[in-house]
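Listed in TrEMBL for this protein:
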{"type": "DOMAIN", "residues": "5-52", "note": "domain 'F-box'"}
Amino acid sequence: RGGLGDFVSALPPEVSARIFSGLDVESLCHASVACKGWHRVIESSERLWRHHCLAVRAVCRREIDCDRGNGYSWKITLLRNYWKSKVKQEWLSGKYSNIPSQLSLPEKSMYPMDVDTWGEILEAELER
């Protein structure tokens, strides 16, 4: 089973999941497609996705709570909100408060966001 150095096939799934828990979201997604064994462990561990999803919830509470209330898994909820939380956090932190033109915005500065999210961002701008 597994290739040379494939710790997943040699360890209980709980231990493998514990090792994967040290990865950030993007690395976890990359690891999930590295091989079938890793994919199986990562995809079956709600705890891995829950941890990251709760971190995203600090920025996107309404969105996370809504998705979870609609029955989405931790993984799907995270994937639906991860990039949005990154962009929203940059806007809320004031990163784009004093830009000279739209050409000064980085490529990932925009993301489809609902009116409530833009309202939060505008309120933060007004408070600056």
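Cβ coordinates are placed from backbone N, Cα and C, and glycine is handled just like the others.
Where the annotation comes from TrEMBL, it is an automatic prediction and has not been curated.
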Counts of helix, strand and coil residues, the domain 'F-box' (5-52), according to DSSP: 36 helix, 0 strand, 12 coil
Averaged over the domain 'F-box' (5-52), what pLDDT does the predicted model reach? 88
